[in-house]
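Enquirer: Please read through the structure below; I'll follow up with questions.
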Amino acid sequence: LGFDPPHQSDTRTIYIANRFPQNGLYTPQKFIDNRIISSKYTVWNFVPKNLFEQFRRVANFYFLIIFLVQLMIDTPTSPITSGLPLFFVITVTAIKQGYEDWLRHNSDNEVNGAPVYVVRSGGLVKTRSKNIRVGDIVRIAKDEIFPADLVLLSSDRLDGSCHVTTASLDGETNLKTHVAVPETAVLQTVANLDTLVAVIECQQPEADLYRFMGRMIITQQMEEIVRPLGPESLLLRGARLKNTKEIFGVAVYTGMETKMALNYKSKSQKRSAVEKSMNTFLIIYLIILISEAIISTILKYTWQAEEKWDEPWYNQKTEHQRNSSKILRFISDFLAFLVLYNFIIPISLYVTVEMQKFLGSFFIGWDLDLYHEESDQKAQVNTSDLNEELGQVEYVFTDKTGTLTENEMQFRECSIHGMKYQEINGRLVPEGPTPDSSEGNLSYLSSLSHVNSLSHLTSSSSFRTSPENDTELIKEHDLFFKAVSLCHTVQISSVQTDGIGDGPWQSSLAPSQLEYYASSPDEKALVEAAARIGIVFVGNTEETMEVKILGKLERYKLLHVLEFDSDRRRMSVIVQAPSGERFLFAKGAESSILPKCIGGEIEKTRIHVDEFALKGLRTLCVAYRQFTSKEYEVIDRRLFEARTALQQREEKLADVFHYIEKDLILLGATAVEDRLQDKVRETIEALRMAGIKVWVLTGDKHETAVSVSLSCGHFHRTMNILELTNQKSDSECAEQLRQLARRITEDHVIQHGLVVDGTSLSLALREHEKLFMEVCRNCSAVLCCRMAPLQKAKVIRLIKISPEKPITIGCWDGANDVSMIQEAHVGIGIMGKERRQAARNSDYAIARFKFLSKLLFVHGHFYYIRIATLVQYFFYKNVCFITPQFLYQFYCLFSQQTLYDSVYLTLYNICFTSLPILIYSLLEQHIDPHILQNKPTLYRDISKNRLLSIKTFLYWTILGFSRSFIFLFGSYFLIGKDASLLGNGQMFGNWTFGTLVFTVMVITVTVKMALETHFWTWINHLVTWGSIIFYFVFSLFYGGILWPFLGSQNMYFVFIQLVSSGSAWFAIILMVVTCLFLDVMKKVFDRQLHPTSTEKAQLTETNSSIKCVDSLCCFPEGETTCTSVRRMLERVIGRCSPTHISRSWSASDPFYTNDRSILTLSTMDSSTC
């Protein structure tokens, strides 16, 4: 082509159709193929790679070390005791991950093997998707999915445009228009494309779906033509072609370098407060384990210092043992004790927690109260790792538009040339009395006629001044609505289904036959309003825009579009009128338009904008500028240079936009209404009652934001509203913050609300962060207006890292809000009608803001209660399990004799005690869901991770240690030293004694779980009592047969011997009742003396028509403690149908039905109690 391609690392050069230079001096760049690989493993690397990933987890690695120690040295327990549970956990996880990866392989093969047509050697060749190379020209037909990231070359339309939907990428269902450059748009056949000689230079792959910079250099008749390429030219892999027969595009990014593949990379992992607490507890128990092992080792050597205990006759040392190093023996004994006590660390905790989170997350999607019938949207769970975090929220950060409001804009009022109008039935009516007005209104439709594309007010106009003023007023009105009709990115679909987009296709259609769609609802509302007034936008091509003005078609040449961005907060178009005049029309926030204006009714319009904002309306200002031919030539050249730049294109474009968008003439302002969603006020008030602070972060102007905050209850009328706005310097900002802090201190009795704008916020965070945070912490509600997206994310991070480390939620609905959702501890996406990018990138997605109350107060409350109890109970039952093993060493002179049989050691956590806590963690409801939602104050009872505090952790730990003492010493004293408890005069041996302790322990920890359960179903009964029955049946079976593959038969007939002894049964019942009686007494006294709000609500529930869900500890108010204890003992002993819950029971579904309650479980006949 006569030039050397660039070799910068941040750009790539693509020769269309892979026609490389023939001069031999060019070395083609290497690009990857078009295969998509979403799988993690292959047949050859699955085992080593999966094992490596699993053993990176601390718990798995710990048990692997224990297993290896058991293999290397002589330990008191079989390696099977730690090896089998570890093998079970690793195997289950590997099977799950292997199956998921197999599904990914199948999906990859289906995608990579999809048939596509590629232009090669002057014809269409059918091949597979994986064979597409960068530079290939690909043909895509209607409704097909793009197999790679393509730059559009041509379509079946004359203007080279096409429509696509990107719903699978960003969730937006509206059609997007993409256009080809003019030089390739005419190449609509394979033969024509075969003559194309062109090169594309573009940036290297990146994940941003909305960013693409490049240029196409076309050689025609030995002349090079350079055209800029942007996002409008790029067709993304995964998007679908719509309303277009076929297109041709050249592949620029393939395979794992496509934007779709780059966006599939996992998000940064969020860790919940419960997970952090669990890791802390693991470290504490690891310290306890090491301490017990060290103490045991020291005591062993202290004991054996006396000769009579050194070498008992049954355990004589060998010569090698006598001569071995004491240090090595000490280490060996320490490791042996470590193995003996290692089960204090629960290996199955991680697996159980993962299962609980995964299965529990389905309840959110199944909840009909979170289903929005109008949009047919149910709640979505994109991550199950944060379920319990929903019960710990202290701050809610939310956007206004689309989150608190419906995002359905309706044009209400406008200001034109310093006069205010409101729309009534397609007529612009001036507000207030007008001179010489007989009817009191102005019909714009009847008052406009056009001469040379300008309108004038006819004699029928109800508002007349002088002819000169009329002409000026007419021009301003005309330009205002032309600006509204031309300055936008709205697209059109009509009643026609074919041929859409072929030139001026809508010219003959009536406005009622046109349907506008746009990514911005503001633009759609304004264009529709202009159409009702009489200036109808009827279609556009790449180069023209057409409007009908009172039935007369006018075609404007679209010269340039200066796209909207959040920094400028405005957009502009440069058009050429039929008269040849060139105009720039701009619209945007008043803070971005008014400073650029040098003419027009600036002050009057500013007042009108403030008045609109006080009504809660969204405002935009409209302005224009007319260019001379010389001015336009300079602008056109500078825009071309900036748009064709491959380096720093965005910065260069920003400079050019700043140069163009100045010296504007203000035309007026628009005001559209975005009404609040249903029950927003009630939801915000409920959040406030729950102790959750709500911050609204919006880009709207100050007055609009305050008005909406008042109307939605974010600010209430009795609240003292403080303002930190319009600050110009650091010193001024600091002084204002100090004044606000003093006012809060002086008026500490009343609630305060704070309003901050983006400029003042930047100053406050720059030098006065601590002072600003002090003011915010003492405010019940904070409103941040005129905020840029980056500022929103920064505010959330500021609260997250504050000393209190509060849990935050971010609620947003827009694609530019993803960073805020990902910054918050929990991201909540609001599923709008057309904007679902935020929902897809969130942790949870709901259809309406009002659903947030049930998500937090019911689901969050239940999830936290369940998993907090699960974690504490797991450590409790393992303390009960291992502490007797430690205490037993005092009786066997620390000889490392195990108390339990190896099979019991292996199955305790896997089979005997795992299911009751798992079912509890899935189904538990300690109080009726409706009460939780109607009494938001109950949310405070679980805030700040109360159930996993050090105090609660110590209670469960001490409880476990105390029960362990009862198990061991109770068994020892009840069966008696040297006592004969069998009919044949024999005594209990070591294994019988250990089995007795184990039996009491299994029954006690299982019934303890029953005491903690408030919500009983047949599943709870099955797994709770079934676990105890299974233990007895298994023990009878295990001890009743001689198993030839076992190394020893220590347990043969042991359990049968135990259960045949009446004394043993007496000991079992007495110890179980003793342990549980103490638990029951503590529950009664706590509820009588220090009841929480939740427990008081349970008492209320007891006396209401809904029966109490706390089957053990809910008693009528005024009942004496003695009576309460008697009732509780009756319930413990005769625990028939514990809850008697009346929640729309369903006999048809044995598990649950969802009838607008979180769970509805199958009934049991309460009359039997």
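Just so you know, the numbers here start at 1 and follow the chain as drawn.
Glycine is no exception: its Cβ is also placed from the backbone N, Cα and C atoms.
The annotation active site, 4-aspartylphosphate intermediate is assigned in Swiss-Prot to D399. Under the heading ATP binding site, Swiss-Prot lists D399, K400, T401, E523, F564, K587, R618, T698, G699, D700, R786, K792, N816, D817, citing similarity to another entry as support. According to Swiss-Prot, the feature Mg(2+) binding site maps to D399, T401, D813, D817, an assignment based on similarity to another entry. Marked as phosphoserine by Swiss-Prot: S1146. Look at Swiss-Prot and you will find 794-802 tagged as region 'Required for binding to the RING-finger of HLTF'. Annotation comment: Swiss-Prot describes 1-47, 97-281, 352-868, 923-952, 1013-1017, 1083-1169 as topological domain 'Cytoplasmic', evidence class sequence analysis. Swiss-Prot lists 70-74, 304-333, 891-902, 975-989, 1040-1057 with the feature topological domain 'Extracellular'. Swiss-Prot lists 48-69, 75-96, 282-303, 334-351, 869-890, 903-922, 953-974, 990-1012, 1018-1039, 1058-1082 with the feature transmembrane segment, giving sequence analysis as the kind of evidence.
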Enquirer: If you count the C-beta atoms lying within 10 Å of each candidate's C-beta, which of the binding-site residues T401, F564, G699, D813 ends up with the smallest number?
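Expert: Result for the binding-site residues T401, F564, G699, D813: minimum number of other Cβ atoms within 10 Å at F564.
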Enquirer: Please list the DSSP helix, strand and coil residue counts for the topological domain 'Cytoplasmic' (923-952).
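Expert: With helix first, then strand, then coil, the topological domain 'Cytoplasmic' (923-952) has 23 helix, 0 strand, 7 coil.
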Enquirer: State the count of C-beta atoms found within 10 angstroms of the C-beta of R786 (ATP binding site), not counting that atom itself.
Expert: 21
Enquirer: Which residues, given as numbers and ranges, are at least 6 beyond the ends of the transmembrane segment (282-303) yet have a Cβ under 8 Å from it?
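Expert: Contacts with the transmembrane segment (282-303): 58-59, 62, 309, 330, 333-334, 337-338, 340-342, 344-345, 875, 878, 886, 889, 893-895, 953.
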Enquirer: Look up R618 (ATP binding site) in the DSSP assignment and reduce it to helix, strand or coil.
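Expert: Reduced to three states, the DSSP call for R618 (ATP binding site) is strand.
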Enquirer: With Cβ distances under 8 Å as the criterion, find the stretch in 48-69, 334-351, 1058-1082 that has the most pairs with the transmembrane segment (75-96).
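Expert: Most contacts with the transmembrane segment (75-96): 334-351.
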Enquirer: Near the residue listed as 'active site, 4-aspartylphosphate intermediate', which of the binding-site residues F564, R618, R786 can be found within 10 Å, Cα to Cα?
Expert: none
Enquirer: Rounded to the nearest Å, what's the C-alpha distance separating F564 (ATP binding site) and D813 (Mg(2+) binding site)? Just drop the number here, would you?
Expert: 19
Enquirer: Report, as numbers and ranges, every residue of the chain located at least six residues beyond the transmembrane segment (334-351) whose Cβ falls under 8 Å of a Cβ in that stretch; write 'none' if there are none.
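Expert: Distant Cβ neighbours of the transmembrane segment (334-351) are 57, 59, 62-63, 66, 69-70, 73-77, 81-82, 85-86, 89, 92-93, 278, 282, 285-286, 288-290, 292-294, 296-297, 871, 874-875, 877-879, 881-883, 885-886, 894, 896, 898, 905, 908-910, 914.
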Enquirer: Near the Cβ of D399 (active site, 4-aspartylphosphate intermediate), how many other Cβ atoms are there if near means within 10 Å?
Expert: 26
Enquirer: Taking only the Cα atoms, work out how far T401 (ATP binding site) lies from D813 (Mg(2+) binding site), in Å, as a whole number.
Expert: 8
Enquirer: Between D813 (Mg(2+) binding site) and G699 (ATP binding site), what C-alpha distance do you get in Å?
Expert: 14
Enquirer: List the same-chain residues at least 6 positions away in sequence whose Cβ sits under 8 Å from the Cβ of R618 (ATP binding site), in sequence order, or say none.
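Expert: Within the chain, R618 (ATP binding site) has Cβ neighbours under 8 Å at T401, M409, D522, A671, V672, E673, D674, D700, T704.
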Enquirer: For the topological domain 'Cytoplasmic' (923-952), find every same-chain residue at least 6 residues outside the stretch whose CB is under 8 Å from a CB in it, and list them.
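Expert: Here the qualifying positions are 273-274, 277-278, 391-392, 394, 686-687, 689-692, 853-854, 856-858, 860-862, 864-866, 868-869, 871-872, 1013-1015, 1017, 1019-1020, 1092-1094, 1097-1098, 1100-1101, 1106, 1109-1110, 1141, 1143, 1157-1159, 1161.
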Enquirer: Give residue numbers and ranges for long-range contacts of the topological domain 'Extracellular' (891-902): same chain, 6 or more residues beyond its ends, CB-CB under 8 A.
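Expert: Contacts of the topological domain 'Extracellular' (891-902) (Cβ under 8 Å, skipping residues fewer than 6 from its ends): 75-78, 80-81, 296-297, 299-300, 303-304, 309, 315, 333, 336-337, 340, 884-885, 908, 972, 990-991, 993-995, 997-998, 1050-1051.
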Enquirer: Per DSSP, what is the residue tally for the topological domain 'Cytoplasmic' (1013-1017) in helix, strand and coil?
Expert: 0 helix, 0 strand, 5 coil
Enquirer: On the 0 to 100 pLDDT scale, where does the topological domain 'Cytoplasmic' (923-952) sit on average?
Expert: 89
Enquirer: List the helix, strand and coil residue totals of the topological domain 'Extracellular' (70-74) as derived from DSSP.
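Expert: Across the topological domain 'Extracellular' (70-74), DSSP assigns the residues as follows: 3 helix, 0 strand, 2 coil.
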Enquirer: What else in the chain is close to the topological domain 'Extracellular' (70-74), if you only count residues 6 or more beyond its ends and a Cβ gap under 8 Å?
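Expert: Same-chain contacts beyond the ends: 81-83, 332, 335-336, 339.
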Enquirer: According to DSSP, does D813 (Mg(2+) binding site) sit in a helix, a strand, or coil?
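Expert: For D813 (Mg(2+) binding site) - judged by DSSP and reduced to three states - the answer is coil.
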